[in-house]
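Colleague: Let me give you the structure first, and then I'll get to my questions.
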Amino acid sequence: MNYVMLHDASLEYYAIDLVVVLAILAGLRFFSGMVANISLHEVLSEDDNAAVGISLSGAVIGVAIMLMGAVAGDAGGSPGQEALLMLGYGIVGILLMWVTSRLFDHLSMPNIPIRDLIQRGNIAAAMVDAGNLIATAIVVRAVMSWVDGSTYIGLAVVLAGYVIAQVILYLAARYRLAVFARRHPGESLQQGIAEGNIALAVRFAGHRIGVGLAVTAASGIVVYATDDVSVSLLAWSAVALVMFFAQTVISIGARLVLLPGIDVGEEVDVQRNVAIGSLEAAIYVAVGLVFVGLFG
């Protein structure tokens with residue numbers, strides 16, 4: 001019995017995928033520096049700007065997560081087609097990371113300049129940005145694995161899934177902003193991020209990643225029908241929204257069980273207790289992972 005599932009043809013495809021992935025990650029570094037109009041070498045090694053490093057790390061992880069979805073799909077019909085498909089997914093991934101940062105800056109956090117705060121070394125701003133990038137990538141990766149990745153039509157479906165992901169993550173951001181405003185009348189979550197509240201940023205990022213994980217469960221529930229893509233996407237969107245709401249409700253219950261008698265609003269938002277913020281973030285991510293295990 002043959003216990004190894006590799007053969008010469010698959011090794012060729014694996015080699016192509018790995019080379020393209022390395023090229024894409026290298027391109028991401030240069031693209032990030034060019035877009036921000038900064039020298040990453042100077043900012044990271046001379047200025048020691050941790051915020052820029054955290055934000056760039058989120059982008060690198062995000063692109064890598066997206067590429068996981070691409071390489072996990074069906075291989076192209078030929079080595080050349082495989083290389084072009086991987087390169088196409090990689091370029092789209094880099095562009096989506098850039099668009100994601102801008103959308104987050106202008107829609108989810110419109111009252112504070114996230115990009116400027118990061119360049120000034122605001123670690124809290126960098127953490128929410130990185131969390132947003134990773135959460136988006138998790139959802140897009142699930143869509144990539146869900147569709148037929150060996151066709152260019154699949155790439156169009158991935159873009160549609162990206163739009164859906166942004167809508168859901170926008171709703172998640174509005175939810176967090178509303179919760180903060182209810183707990184602290186006259187204050188805002190955005191101002192807390194601008195003031196460098198790392199505990200608040202950790203919780204916010206954890207919530208987004210948890211929502212992203214929960215939403216991916218839709219890919220395990222909805223069947224992708226190549227002959228009726230629009231209906232499949234509509235069903236995927238509906239299930240994803242249900243998963244978002246379910247994850248939020250269950251996370252609240254888990255928080256009450258794991259952190260009984262603790263005023264998380266006071267601890268995280270006012271006292272900047274990173275320990276409590278981290279535990280809340282862990283709860284959101286844990287519930288999201290459970291959803292992936294159950295339905296993904």
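Yeah, the Cβs are placed from backbone N, Cα and C, and that goes for glycine too.
Summarising the annotation, TrEMBL assigns transmembrane segment to 13-38, 50-71, 83-104, 124-146, 152-173, 209-226, 238-262, 274-295.
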Colleague: As a test: from 50-71, 124-146, 152-173, 238-262, pick the stretch that has the greatest number of Cβ pairs under 8 Å with the transmembrane segment (209-226).
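Modeller: It is 124-146 that shares the most Cβ pairs under 8 Å with the transmembrane segment (209-226).
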Colleague: Give residue numbers and ranges for long-range contacts of the transmembrane segment (50-71): same chain, 6 or more residues beyond its ends, CB-CB under 8 A.
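Modeller: Distant contacts of the transmembrane segment (50-71): 17, 21, 24-25, 28-29, 32, 36, 38, 40, 43-44, 85-86, 89-90, 93-94, 96-97, 100-101, 117-123, 125-127, 129-134, 136-138, 140-145, 149.
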Colleague: Which one, 83-104, 124-146, 274-295, has the most C-beta pairs under 8 Å toward the transmembrane segment (152-173)?
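Modeller: Top-ranked stretch among 83-104, 124-146, 274-295: 124-146.
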